[in-house]
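These features come from TrEMBL:
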BINDING   R93, R137, I138, G139, T140  phosphate binding site
BINDING   Q216, R218  substrate binding site
DOMAIN    52-303  domain 'Nucleoside phosphorylase'
Amino acid sequence: MSASDEEIHDEYPDGSVRLRNPNIELMDQDILYHLALGSGSHDLVEMFGDVKFVCMGGTPKRMEQFAYYIMEQIGHKLPAGTTLQDISKYSYRYSMYKVGPVLSISHGMGIPSVGILLHEVIKLMYHAKVKDPIFFRIGTCGGIGLEGGTVVISEEAVDGLLRPYLELPVLGKLVQRTAKLDKRLARDLKSMAEPSQLFETVTGKTMCTYDFYEGQGRLDGAFCEFTEQEKLEYMEQVHKAGVANIEMESLSFAALTHHAGIKSAVVCVALLDRLKGDQVLAPHEVLEEWQERPQKLVARYIKNYLAMKGRLSLDGHSGSVPVLSPRRYKLVQQESETYD
Ligand SMILES: O=P(O)(O)O[C@@H]1C[C@H](O)[C@@H](CO)O1
Ligand SMILES: O=c1cc[nH]c(=O)[nH]1
């Protein structure tokens, strides 16, 4: 199991990203192959040294849209005549956009894909000398007892056996890494959903599976060897254990960010209620609007953070997500602190 939060802070009080790999420093250069970047070929401090927020989600399109959305929200201006560029275009794997202090990156589907990306993005933060970055996953999920369109902020990630850690075979042995998300970040996000709630937002455990079909108890895959009754009993059992939603990346996301001493949060919108069905039936335009919901919440957090640091105007008129007043933001902070 990995070290506790306290241990990480004791070891890295300046907020540096924890690499936990002595080999990297000894290498002439580090090629971040799946990002089409390298410590020898690119000035990573110059390119990424000002990053504060790393936002990830499954598809390249979503993350391009989020990049444009956050650009409008934080009032970031591009040089005249330029557009946002996909920095990792030539990897043909992931897409990455940078908007001032925000990176918006697609992670593909499932634990292996997000895991590879996290190794390289964590190393990117290290090479770029970024301090105290905050990572968000902006995703989609199946809700349990939740209507489609409900946003779930994860309190904790568990696997399909309800175990709160990522298990990975390394050199023939199983290594376990605690899948811890930042509690305060989750509370702050929840508080920010409340003032002008446009959609339902809840918190709960997130179950992360290795498969969309059998792994999530679906009756509609190419194979199914259980009955609907057995599926529903399982859903009820995990629901009783506090699971609010099911997706496919949170375990790795929580485990690897925690191992690196990075604060992170997972915010997903439910596309359906798994107690009612398995197929994603909502029309395309509805799904598009739902997918924007986690983006709105995370954008609100980023906007408020930058406003508190004096890096954004607090007039509340730049973009469609209202910025909290300084008084309200202080209250939200105080509310959070009383829990610590
Ligand atoms: O962020 P996304 O929408 O990719 O998250 C979930 C989990 C899987 O990657 C995918 C399955 O449809 O959606
Ligand atoms: O049911 C769902 C919907 C989206 N993503 C998942 O992993 N599961």
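Backbone N, Cα and C define each Cβ position, glycine as well.
TrEMBL does not curate its annotations; it predicts them automatically.
Projection of TrEMBL feature records onto the structure.
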residue	record	Cβ neighbours (10 Å)
R93	phosphate binding site	18
R137	phosphate binding site	29
I138	phosphate binding site	26
G139	phosphate binding site	27
T140	phosphate binding site	22
Q216	substrate binding site	22
R218	substrate binding site	19
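Cα-Cα distance from I138 (phosphate binding site) to R218 (substrate binding site): 23 Å (rounded to the nearest whole number). Once the Cα atoms of R93, R137, I138, G139, T140, the listed binders of phosphate, are compared pairwise, the greatest separation found is 20 Å. Within the set of binding-site residues R93, R137, I138, T140, R218, T140 have a CB atom less than 6 Å from some atom of ligand 2. T140 (phosphate binding site) falls within a strand segment according to DSSP. Proximity to ligand 1 at the level of Cβ atoms, with a cut-off under 6 angstroms, picks out G139, T140 from the binding-site residues R93, G139, T140, Q216, R218.
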